[in-house]
Amino acid sequence: MGKGGEKGEESGECKPQVRSYTWEEIQKHNLRTDRWLVIERKVYNVTQWAHRHPGGQRVIGHCAGEDATDAFQAFHINPSLVQKFLKPLLIGELAPGEPSQDRDKNSQLVEDFRTLRKTAEDMNLFRASPLFFSLYLAHIIAMEALAWLMVSYFGTGWITTLILACILATSQAQAGWLQHDFGHLSVFKKSSWNHIVHKFVIGHLKGASANWWNHRHFQHHAKPNIFKKDPDVNMLHIFVLGESQPIEYGKKKLKYLPYNHQHEYFFLIFPPLLIPVYFQIQIISTMIKRRFWADLAWAISYYMRYFITYIPFYGILGSLSLLTFVRFLESHWFVWVTQMNHIPMEIDCEKHKDWLTSQLAATCNIEQSFFNDWFTGHLNFQIEHHLFPTMPRHNFWKIKPLVKSLCAKYGVQYEEKSLGKAFVDIVGSLKKSGDLWLDAYLHK
């Protein structure tokens, strides 16, 4: 139960009564219809406000009943500005005898991580380079222009079309990494400018929805590799992941597919179909169902530009076929890059770990090189990106040694591997999970 507490008047203003709460009481409020969370020892009731949250209500719900301080700091580039939305939601604070962290988390580790974040701020590592992102956008537009020039001068032969498709797939992949930067508010100092350019890049350059991406991707960052919270590990019964899920499926005799062969049918289902089929259906249905009309308008502008450009050369059916093939190629690129950092890592139910430990358990890095940086959109620094999602990607290498040092101090595994091994580990992880399922299915 909450303990009564009262603040006096400050600066002549009468303050409402402030109550003190224990963690035991706060942790009860983690339901969809009853959501409390703690930020810097302040207790907020976000139940009624969650549906207005720009990042989606689910990401807030995933933090209900626990300390959300580090998540709050990670996702907002101007926390003091956001405080004006939190102020009316304040219902109390942690009781004086309660620890700042819930569920016996290592308070010294948490404090050291927050000190590291302050160090990164003092090093100006959250300040973006306008030149870097301008050149990045320019090289995407240049590829789009090159593709048009090729078909204009060399015609629509098979070799020209294949090269053109590869150029467009590269442009789309790189635009995907760029929209990721703006979506995480890591380019401009003002959130509004990031949101505007994000809609342009993901909408006009890719034909997708900014709101769809935000609501999905922020859940992944808040609770990476956590079943029922991270949508990226919701495999719709097509794959079983990690160690606990395949055993659970096996014991329950669930066999939607022969999971002991999932490392083989992965090549036929996941890389070829994710973007051209699953994502396209999800994006369009989400924009219509949730009435994201601005996103829909941006997406329509992409398709208008594309078809106006290529119908004169390929016709309607040919342009549709080309677009499908481009997305087929991009999908392979996207799947291998995004899954190599997560599928081989720990995937399980909610364990309520601290921010540093939970992010490191679910992510790994890929060795740095100019090619790896470009090819992955700097997602080879997945650990640093997950710890500091609003940090501009060109600064990840600067904070990396400090992150490794902090992990070494507390015995938190910091995993880094080559690009080739990362790709191999995806398949190996799927095979391992499939074997666990088969053993449990047959013998448990």
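Just so you know, glycine gets a Cβ as well, placed from its N, Cα and C.
Noted in TrEMBL for the protein shown:
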{"type": "DOMAIN", "residues": "18-95", "note": "domain 'Cytochrome b5 heme-binding'"}
{"type": "TRANSMEM", "residues": "124-142", "note": "transmembrane segment"}
{"type": "TRANSMEM", "residues": "148-169", "note": "transmembrane segment"}
{"type": "TRANSMEM", "residues": "265-288", "note": "transmembrane segment"}
{"type": "TRANSMEM", "residues": "308-329", "note": "transmembrane segment"}
Overall pLDDT of the domain 'Cytochrome b5 heme-binding' (18-95), taken as the mean:
93
Given the transmembrane segment (124-142), its same-chain partners at Cβ distance under 8 Å and 6+ residues beyond its ends are 77, 171, 174-175, 178, 181, 186-188, 201, 205, 388, 390-392, 394-395, 398-399
The transmembrane segment (148-169) and the transmembrane segment (265-288): do they have three or more Cβ pairs under 8 Å, with pairs 6 or more apart in sequence?
no
Within the same chain, the residues 6 or more beyond the ends of the transmembrane segment (148-169) and with Cβ under 8 Å of it are 309-310, 313-314, 318, 322, 325-327, 329-330, 333
